[in-house]
Number of protein chains: 2
Amino acid sequence: MHPTPDQQPDEPQPEERWRIRRTRDDLDRLGETESVFALSNGWLGWRGTLDEGAPVEMPGSYLNGLHERRELTYPEDGYAFPQLSDTVISPPNATLVRLWVGDEPLDLRTGTVLAHEQVLDLRAGVIERLTEWVSPGGDGVRVRSTRLVSLARRRVAAVDWTVEPLDGPVDVRICADLLANEHVPERADDPRAASLIQDPLTAELHRVDGADALLVHRTERSEQRVAVAVAHRAAAPAQLTTDADATPDRVRLTLTGALGPGERVRLTKFAAFEWAPVDDSTVEELAAQVTAEADAARTDGFGELRTEQRAALDHAWRTADVLLDGDEELQLAIRFAMFHLIQAGRADGDRTIPAKGLTGNGYDGHVLWDTEGYVLPVLTYIAPAVARSALRWRHAHLTQAYDRAAELRLTGATFPWRTISGRECSGYWPAGTAALHVNADIADAVLRYVGATDDEEFRTGPGLDLLVATARLWQGFGHFTDDGSFHIAGVTGPDEYAALVDDNLFTNLMARRNLRGAADAAERHPEAAGRLGVDPAEVAGWRAAAEAMTMPYDPKRGVHQQSAGFTDRPEWNFADTGNDDYPLLLHFPYLELYRHQVVKQADLVLAMLRCPGEFTAEEKAANFAYYEARTVRDSSLSAAPQGVLAAELGHLDLAYDLFAESVLQDLEDLGDKTGDGLHLASLGGAWLALVQGFGGLRDDRELLSFDPRLPDRIDRLAFNLLWHGHRLHVTLTADEARYELPDADADVAIELWHHGERLRVTAGEATIRPMPPLPDSGPEPPSPPGRRPARR
Amino acid sequence: MHPTPDQQPDEPQPEERWRIRRTRDDLDRLGETESVFALSNGWLGWRGTLDEGAPVEMPGSYLNGLHERRELTYPEDGYAFPQLSDTVISPPNATLVRLWVGDEPLDLRTGTVLAHEQVLDLRAGVIERLTEWVSPGGDGVRVRSTRLVSLARRRVAAVDWTVEPLDGPVDVRICADLLANEHVPERADDPRAASLIQDPLTAELHRVDGADALLVHRTERSEQRVAVAVAHRAAAPAQLTTDADATPDRVRLTLTGALGPGERVRLTKFAAFEWAPVDDSTVEELAAQVTAEADAARTDGFGELRTEQRAALDHAWRTADVLLDGDEELQLAIRFAMFHLIQAGRADGDRTIPAKGLTGNGYDGHVLWDTEGYVLPVLTYIAPAVARSALRWRHAHLTQAYDRAAELRLTGATFPWRTISGRECSGYWPAGTAALHVNADIADAVLRYVGATDDEEFRTGPGLDLLVATARLWQGFGHFTDDGSFHIAGVTGPDEYAALVDDNLFTNLMARRNLRGAADAAERHPEAAGRLGVDPAEVAGWRAAAEAMTMPYDPKRGVHQQSAGFTDRPEWNFADTGNDDYPLLLHFPYLELYRHQVVKQADLVLAMLRCPGEFTAEEKAANFAYYEARTVRDSSLSAAPQGVLAAELGHLDLAYDLFAESVLQDLEDLGDKTGDGLHLASLGGAWLALVQGFGGLRDDRELLSFDPRLPDRIDRLAFNLLWHGHRLHVTLTADEARYELPDADADVAIELWHHGERLRVTAGEATIRPMPPLPDSGPEPPSPPGRRPARR
């Protein structure tokens, strides 16, 4: 309620509001730290492993698109069951700087850790590490490192590492490794864990030449080639000797000798990565590329890389930053979330963002609907070029989607439920292939991007292609019944505790949006549509299907049905479900989950968020209360949309706690899965929970619409949106909402809705409106027993 | 219409009405012949392979219960997905008598086949084989053999084999092999094929002692031990030498020498088999058992085995035979079917009948609901002790079924969808675990058996246990809705082109029968029920659920729904479905099949057969027409029940053609799957199509009920039923129905219904009633385009 002076927007913040810190007390949650400290530029990702490579829970570097294939085998096979699946693999690991002190390797599980800290600096985009360690032999050293994955140079990452004696002289051996086919530990028996391929890389070239190291490998089945070069710079006392050696899977630079007090070794590794299809580049071509990149980075120096990094982040934060006054922990957490969203994507090329970004191998590194459903709705407003790139990636795989639809004997295109290469990789079709809503999610993301930008090339090109292809799917898949209504039967919606249902409300409404969006686009661009064979009759068919779309409703209970008949299903026996029974999917068969009224994740509630105009306020309130009582949030995709609707309906404490659950999902490892990689959808959801929840943003109409309302816990909430190229800055307090165009030329204006009032926001002056009083929303709807989010 | 004199019941029939014959013209359908000529005694089965072992499509011997386990792996695992599956394996092959003529092995693919014939004699229970062959070297031989699997001696089978020169002298080498771990060829890529384990047996003992051979092996994972002994008897000219040798996987007796014109070698192999859990019998114990059995068989001689075989079959045929005058081909076919039903089961022990009997490794040798649904409804009336044995086998696995229900977090017991050992082996749960109707099918078979016999021990013991355990499943699984109706949600019915549906009508009605049957039994035997913890409140709960059971109905179309909402689903696009698109499951994804109104196999139609009192005649007619048009019969389980209903509704030509399809399923390999083993359900279904279809038998009430009506194609139909120990002989012609008790004592009488009239059939005189005129049933309801059964 009382903003302190240092919390003005665009003013410098205290450093600690930008830093994630882990110390020796956190060494028992190493896997989680590796994910939280992962660095990425949307193409190249490094997990936040220790420089010395051990202890480690899951080593991992990732290049967007680099993968191997593995066979899927089924106890009982079926027609069009995918026979191959993509699995993310790691290129050679260039992070490693191993240290021996006397005879002992630096290993924080041994000796004495006097100090240990890793700091992720969200503005600098680096990890600073400081360790003071006394070996079991009694030798003390201080190790520092700074690591970055360059946002400015796609292929480049670097480690700047030093060691010095703590007091007396020490013998050191320093091994800077570039290591291929590093062993990846098997994870516990969990259906959601990754499927590992050991030794996926076949060596093609290994070379060491002074301080320059190179490895080129290829994969066998996906036929990809990957090259990594490391250019070293070493500053060491003269008495140290340097050696280098190379084997097919490892190149190593070794410095050996004694360090006296006050002496130190600084070793900087400049690594460059590239991969390409085997047929597209020769070994030497790829080798030359990465060698030149690494060399250029070394020439420019680590300081220059840091400067570039800061500049890139300053630019990104200008739009991405969110101010959340009143809760220091969540202020830092939302910045952490935004940092990972910034570094998950890239504007160049046709690239998408896997569900875990490039932070871990969870879900086999696959792209799921998380991207279009939870990440692009954020990026569209803070980095639209990145959203464009991700949608162009879908478009680049449109032919595969048409082919898949033909294989399934469907019309139009069917995008994969999970994939890296564009092929369908789902091995459990009721929750994969049957989840056709992914196609509408893609269309929804197209419509949002097109609505928020002036990108005519995309609108009339890839965007139109995607809208038409997906509309054709629904038109052929759905059917009219005798009463003239249109139905979509036998699909699976977002809620994975139901499957193969009829008229899933989310799917139906999203398909309606898809059909209408395609019809609008085709009519707006008849020539482009004509090239796709779209004629007025087809458009009329889309409109007819959209208008007749069924919204299952239970008049007796006065609520919509998640799917036809849902509310007639038996209730879940929460009384006999223990706290240890969650997540339910690990303790109950699908047979039980599917037939009960138990909801894994927001489904109908998500429909009310995506298609808000389809429901009255009373319907939303009734639906929310009904489904809140049956939603167990066993998915990290759930808290955010529930939080948005809770906010809309005035249950602001619940909304705030749901926001907290979403934003802390990984920082506090709430699902015990962060070690597999970050939940980008949950991090994106955190922004949505704030901006759509407390900001009340809705974007389903021509203009942006805000219905802001703040919970007591937030003194001030400020965020930015890029709207047709202009940065709209929104500041909310308990008393007022302020809309500004801080960067715009004088003649720029943006129209928007604020609590039903149409505003015109002009450059140069803030448009300010009072916050209306909160309506009485009644008591908070109960969550399932024991499943309310933690109260803050 | 005009029975010829030789067609009187109980009169000898011409031999050819009892013989299945295959000649050299059939050598291109070897796999099918191997199944059709399979011999079995319900415990030991031998496929009808050639004595010389090659050519062969799928070698196989089977011992009821002998299996190995294999791991099931899932691309995406789930809670309670079975991790191990049973797979049938073969004991050592004792059928082999290999012959070399000069340097050439007898192989019908080489040389010149002058004559070749295999004859399955359905009354003698043997296969007679005669081959005249000229080797590529020009040497002619005549080979004869007779093979039997003893119905009188569970463990014993024998081959009586001779060779003689056709004209000039020939050098012969005869190898009588006992061969373990014979290679089993992989079958084509079909989700329905078997999962093979090569080399499943580990050698424990091999021995040859003069003319006595022995192998003992064990399995690794299922921990079973199997022993096979062969006692040889050889009659050969003195100039032939005899050798024997043994290796861990093969024991061989070899006769070598020259045979002059008029000379011959006769070699008889008496084989004995036994298996036991490794912990239950030592190697030597098992070896001693089989050695003694084989030796005893040799001592008694092949002629004695034949005599016993004939006696056993004479006894069986007395009840099992069906006379079908007017269609010689189908007369033979129904006898073929009955022969395989006779030899599929055994009355001793707790033994069941796998879906393929012991005739092939299809479905991995698993037992499915085929047994209770299609085989026991026949055996209950022609061999009730065999039905009892199969139901006792279920009872022997009741503890596993209770445990499985607990794992699934269900009440009561859940029997496996497919199994050998009693564990659930289904690797695709939507069509396995979810097909809970198997439990009601077992209960239905219990009720039928109990109703047809005076078996008090079973009725108050295993029968009651099974009824209570399954009733408890339904009571807990189903749920009441606010309107007081009882529902069963999220299960899969018989139709495998639908899954995870609500209120599958078949499942609901069978569950109702199960609940009522359990309630009746508990009330009739309160003391026995009390020991199971059943009290009047529980019984009242069963009755309440049964009375409130939902029967989904579409008033607009005037038909019942196969499951809730079924008739609102989109219609299948038959116009664009080609003949090559069948079976649909090989050409369309489940995604498409499940959501359309396309039916793989009788489901609602089967419900009308099993629970005839639940429907009015008008409902049956409307339902039959509606579902006939949408049922593609991609399952061999479909034709028979469709045929029964077609007969009931007066569509007698259609009924006859459906009967023909069922009875010829294997003899003509209509599904191209006979090579994997016979479809016992289809063979059982053939009897049902005749007796329930044209005989109009219904057994859902206290008394048997007949509504006979004959198609033009049948001049006379005669069959037998055992009813409380008395053989009821029924003879139907176009004019009259004749009911007799040919074997009964004078004071015996049976009451039954004939076309609604209650009759009392007494011993010593036939009760004769005229056949009523056929009502006008209107035009035949159309089948899907191209899917009407072939017209005869």
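Placed from the backbone N, Cα and C atoms, the Cβ positions cover glycine too.
Fair warning: this is a prediction, and the values are worked out from it, not measured in the lab.
From the options A:345-372, A:765-792, the stretch TrEMBL describes as region 'Disordered' is A:765-792. Looking only at the domain 'Glycoside hydrolase family 65 central catalytic' (A:335-687), the predicted model's pLDDT averages out at 97. Here the recorded positions are A:Asp370, A:Glu496, and the one whose Cβ sees the fewest other Cβ atoms within 10 Å is A:Glu496. When the compositional bias 'Pro residues' (A:770-792) is classified with DSSP, helix, strand and coil residues number 0 helix, 1 strand, 22 coil.
Across the residues annotated as binding substrate (A:Trp369, A:Asp370, A:Lys600, A:Gln601), the widest Cα-Cα separation comes to 16 Å. All protein chains shown were included, and the count of other CB atoms within 10 Å of the CB of A:Lys600 (substrate binding site) stands at 21. Excluding A:Trp369, A:Asp370, A:Lys600, A:Gln601, which define the substrate site, the same chain contributes A:Leu368, A:Gly373, A:Pro494, A:Glu496, A:Ser635, A:Leu637, A:Ser638, A:Ala681 within 8 Å (Cβ to the Cβ centroid), listed in sequence order. Under DSSP, the residues of the domain 'Glycoside hydrolase family 65 C-terminal' (A:697-761) split into helix, strand and coil as follows: 0 helix, 36 strand, 29 coil. If one looks beyond the region 'Disordered' (A:765-792) by at least 6 residues along the same chain, the residues whose Cβ comes under 8 Å of a Cβ in the stretch are 327, 330, 572, 574-575, 577, 579, 582, 621, 624-625, 628-633, 639, 649-654, 656-658, 660-661, 708-710, 713, 732-740, 754-755, 757, 759. Cβ-based neighbour count (10 Å, all protein chains) for A:Gln601 (substrate binding site) stands at 22. The two recorded residues, A:Asp370 (substrate binding site) and A:Glu496 (active site, proton donor), have Cα atoms 14 Å apart. In this structure the alpha carbons, written CA, of A:Gln601 (substrate binding site) and A:Glu496 (active site, proton donor) are 7 Å apart. Residues near A:Trp369 (substrate binding site) in space but far in sequence (CB under 8 A, at least 6 apart, same chain), listed by position: A:Trp417, A:Ala435, A:His437, A:Val438, A:Asp441. Under DSSP, A:Gln601 (substrate binding site) is assigned to coil, being neither helix nor strand in the three-state scheme.
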